[in-house]
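Visitor: I grabbed these lines from TrEMBL:
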type: DOMAIN; residues: 5-127; note: domain 'Epoxide hydrolase N-terminal'
type: ACT_SITE; residues: ASP194; note: active site, nucleophile
type: ACT_SITE; residues: TYR328; note: active site, proton donor
type: ACT_SITE; residues: HIS383; note: active site, proton acceptor
Amino acid sequence: MQDEQPFKISVSQNALDSLAQKLAIATLPAPAPVTYTDSALDSEDWTYGVPRPTLERLLIHWRTQFLPRWHEHQAVLNALPQFTRSIEVDGHGVFTAHYVHKQSTHNPKGAIPLLFLHGWPGHFNEVSKLLPFLTTPPANASYPSFHVVAPSLPGFGFSSAPTKTGFAVAQYAEFSHKLMLSLGYTEYVVQGGDWGSFIAHRLAYLYGPKYVKAWHSNFPAGRQPTLTRNPLLYLQHAVTPYSAKEKKGLQMMQWFWSEGQGYFAIQSTMPQTLSYALADSPVGLLAWIYEKLVKWTDGYEWGDDEVLTWISVYLFSASGPETTVRIYYEIAHQGNMDEFARLWSPIPLGLSFFPHELVGGPRTWARTMGNVVFESEHNKGGHFAAYEQPLALADDLRAMFGKGGKAFGVVKGKDGY
């Protein structure tokens with residue numbers, strides 16, 4: 001369907017006025033019990049979740065500084081080249097697809113088409129810091145350039161939301177694949193984190209190697225290898241001691257499973273119940289997502305405007321923030337988590353390991369994800385790698401797809417040079 005239209009975010013004055021009223025009458029809970037002995041640290045005690053003083057400061061800034069200047073923040077988002085078009089998904093009808101499409105200015109004919117996929121609580125703007133490194137390298141650069149497509153997944157941002165049950169990983173993959181084909185990219189590579197990695201995996205399985213030529217993940221969520229399914233990796237795992245970084249990754253993963261999984265249980269079982277709070281309370285939405293932005297990143301210094309811009313993409317989205325959490329229910333109830341370990345694609349896979357990622361287990365576990373041809377370890381970074389450490393992630397993609405890399409030249413006639 002060739003109906004592409006340029007897109008600009010334009011939040012109505014009614015929506016802004018409604019937000020101002022809700023912020024003005026917001027009711028905050030009592031502070032949580034103090035666990036620190038040093039009273040100077042009380043306001044930063046995250047044991048029970050987002051501290052009230054922190055949330056109160058953000059609320060005041062939102063009401064008095066950020067919201068009155070919303071049009072400035074909207075203009076920053078609109079600096080990205082955004083578009084919409086119609087994409088049909090089998091059995092689910094036609095969707096309005098919203099996406100960023102930034103083509104390389106350095107090499108318009110030979111740049112590598114790359115599909116960038118976000119997860120939750122991410123969105124299309126995660127790609128904003130990565131774009132300059134991938135699309136506009138210096139004229140004498142020794143690394144490849146890319147054409148980047150970063151869609152809002154259905155139900156996120158300014159794409160329309162599914163209205164039927166059963167819209168899970170295969171359907172997100174179909175949506176993304178058809179978007180790339182509609183843009184003329186009959187061969188392309190994929191990069192994803194969080195749910196974007198799961199969708200990239202399914203794209204590789206369903207559409208590789210004919211269309212999808214390689215994929216890269218910064219979410220190395222592999223499973224412990226088994227003797228029957230991964231005999232060589234099983235033996236490697238049995239005889240290889242864990243490195244210091246792998247031990248740290250296991251500690252992070254254990255913390256996540258024991259202390260950080262509450263949101264997953266709710267969103268994958270009763271998302272509609274949570275939806276009433278997310279749809280009605282901007283402060284509730286802020287707290288629900290801000291906790292993840294802080295706890296899942298590696299000491300990233302979030303500015304107040306940064307946080308509130310991130311939240312605003314959810315708040316002012318086409319279908320509301322409540323539709324974003326349904327992805328958990330659909331994927332869990334379609335059995336897609338097990339399929340991630342069972343389905344395998346031979347196309348090249350690259351992995352980036354950031355120390356504060358939620359699933360940073362042993363490398364032998366990660367290698368069960370596919371045909372791993374590239375690995376890179378980093379000393380800094382967390383769950384939102386493209387936003388926290390954009391140059392590091394860009395360098396990994398350059399190394400994987402550049403000259404000398406194991407995925408060099410995978411897209412016919414478009415090697416990035």
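Cβ coordinates come from backbone N, Cα and C, glycine included.
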Visitor: Among all the protein chains here, how many other CB atoms are within 10 A of the CB of the residue listed as 'active site, proton donor'?
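Guide: Taking every protein chain into account, the count is 19.
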Visitor: Please report how many Å separate the Cα atom of ASP194 (active site, nucleophile) from that of TYR328 (active site, proton donor), as a whole number.
Guide: 12
Visitor: Name, in the order they occur in the sequence, the residues of the same chain whose CB lies under 8 A from the CB of HIS383 (active site, proton acceptor) and which sit 6 or more residues away.
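Guide: Those within reach of HIS383 (active site, proton acceptor), by Cβ under 8 Å and sequence separation of 6 or more, are GLY193, ASP194, PHE219, LYS292, TRP296, THR297, PHE354, HIS356, GLU357, LEU358.
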Visitor: Per DSSP, what is the residue count of the domain 'Epoxide hydrolase N-terminal' (5-127) in each of helix, strand and coil?
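Guide: Its residues fall into 48 helix, 27 strand, 48 coil.
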Visitor: Please give the average pLDDT for the domain 'Epoxide hydrolase N-terminal' (5-127) in this predicted model.
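Guide: It averages 93.
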